[in-house]
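A short write-up of the structure that comes next.
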Amino acid sequence: MRKIQAKKGLSIECKGWEQEAVLRMLYNNLDTEVAERPEDLVVYGGIGKAARNWEAFEAIEKTLRELESDETMLVQSGKPVAVFKTHEEAPRVLISNSVLVPEWANWDHFNELDKKGLIMYGQMTAGSWIYIGSQGIVQGTYETFAELGNQHFNGDLAGTVTLTAGLGGMGGAQPLAITMNHGVAICVDVDETRVDKRIATKYCDIKTANLDEALKLAEEAKERGEGLSIGLVGNAVDLHQAILEKGFKIDIITDQTSAHDPLNGYVPQGYSVEEAKVLREKDPKKYVELSQASMAKHVELMLEFHKRGAVAFDYGNNIRQVAFNNGVRNAFDFPGFVPAYIRPLFCEGKGPFRFAALSGDPKDIERADEEMRKLFPENEKLLRWLDLAEEKISYQGLPSRIAWLGYGERAKMGLALNRLVRDGEISAPIVIGRDHLDAGSVASPNRETESMKDGSDAVGDWAVLNALINTAAGGSWISFHHGGGVGMGYSLHAGMVVVADGSERAERRLERVLTTDPGMGVARHVDAGYDIAIQTAKEKGIHIPMIDKAGDK
């Protein structure tokens with residue numbers, strides 16, 4: 001085992017900045033400030049890994065250092081399997097993680113292959129090397145809670161209490177996103193180290209293991225109308241039950257535990273983290289049974305809060321499906337966050353555009369933020385987000401920024417970043433990527449594509465087409481994964497990263513990739529019949545051959 005740190009500075013050890021960018025983002029994924037369990041190559045989300053094992057990690061490193069600027073490395077589930085000569089505008093790396101033939105696309109078969117060292121769970125940005133810590137999800141979480149506030153609480157979360165669980169790499173964004181919307185958050189996690197990490201990075205305000213103290217603090221902050229986040233150490237099922245018994249009013253209920261993975265992501269009721277680890281290794285079958293039974297109880301408690309007046313939504317971890325499979329027939333009585341709050345943004349090709357400064361210099365991100373303000377002065381949501389981010393976001397690993405931008409905006413920003421690198425206003429190349437959770441890059445019937453207007457929730461073609469078009473357009477590294485977010489059998493999704501190194505070649509590639517990528521989001525929603533997407537496509541001149549047949553489904 002090695003201790004990995006994000007590499008910074010202007011000297012490179014690869015044969016070009018593009019290969020160097022891949023290496024630095026791989027290191028960044030495993031930086032101790034960023035990854036959840038770097039010693040096990042686990043970045044976030046249960047067992048979402050950056051490489052299959054340490055031997056494969058070192059082979060990836062070596063290959064990247066030797067890779068020519070007209071070659072492409074192929075990575076199969078975290079292991080480098082081939083290098084081929086391609087051309088300078090082709091991707092330097094193509095990645096496929098955790099992809100199983102549908103009949104075998106389940107956790108049991110995955111775990112068998114994993115034990116044999118034949119596969120790796122890449123989550124979304126873990127195995128595609130573009131994870132930037134909790135900031136990567138915090139704006140999406142902020143926008144979700146902002147829209148919830150607009151729909152249910154007169155535009156703001158002041159005077160409300162949200163109860164949730166899970167403070168890992170994804171769930172860790174919740175406390176900050178809620179307080180950014182002036183709400184009070186009680187965030188439960190059985191693993192105290194996770195609470196400590198969110199306190200250390202200033203995503204969470206206070207830690208306690210005492211429920212009465214947590215409720216008192218929450219009530220006082222609610223009465224003052226102030227934002228406050230409380231990391232409450234304990235088991236979610238136990239604590240949710242106790243809160244119901246005390247009759248404490250919860251206004252919003254959700255969950256972001258790693259429920260997508262019953263074996264590695266969720267701790268059953270009645271077990272400490274240490275006890276769970278022992279049982280997981282000793283009797284994995286029993287562990288999964290207990291874990292799923294706890295999830296069923298967890299969802300029943302969420303439904304009870306909902307019945308008592310709380311706004312309830314699923315935050316994309318597939319916990320409703322597990323509960324439904326274990327006898328909770330009304331598990332889907334509350335919606336997922338995408339159909340409830342996010343889909344209109346997807347129809348415009350908006351999604352989690354992100355970039356990282358390979359120099360390691362925060363001033364490069366400051367200059368990029370300044371440029372973003374100049375380019376989009378009319379985008380009030382974006383400007384408000386940048387104000388909050390500059391005030392409240394602590395960088396983890398390489399300095400980075402997340403900013404939800406739409407079709408046209410992403411290409412405009414990418415070209416501007418390339419120009420700033422070329423002119424020396426930004427000191428080193430910038431890596432531009434996104435989460436796989438995006439407008440046109442994922443098929444996930446219990447999350448991103450839940451309740452599609454035309455019933456096409458489970459159609460996986462769009463994620464495949466996204467990876468193909470971004471490869472054709474010349475992304476720097478392109479990935480295709482299975483099972484991210486919601487677990488084996490429930491999702492297919494693609495990722496892209498493109499490097500702005502200041503060159504004319506980068507300019508061509510940026511313009512293509514940052515147009516095709518969000519364009520796929522618009523196309524996907526046009527095809528499903530969404531009027532906002534149809535209007536966007538017509539206004540932006542996106543060529544959709546059968547657009548006049550859309551919108552009548």
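Every residue, even glycine, has its Cβ placed from backbone N, Cα and C.
The Cβ of Asp189 (NAD(+) binding site) has 30 other Cβ atoms within 10 Å, all protein chains considered. Feature annotation from Swiss-Prot assigns NAD(+) binding site to 45-46, Gln123, 169-171, Asp189, Arg194, 235-236, 256-260, 266-267, Tyr315, Gly485; the stated evidence is sequence analysis.
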Protein Cβ atoms within 10 Å of Tyr266 (NAD(+) binding site), excluding its own: 28
Cβ packing number for Gly45 (NAD(+) binding site), 10 Å threshold: 28
Reduced DSSP assignment, Ser258 (NAD(+) binding site): coil
Asp189 (NAD(+) binding site) - helix vs strand vs coil (DSSP): strand
Local backbone state of Gly485 (NAD(+) binding site), from DSSP in three classes: coil
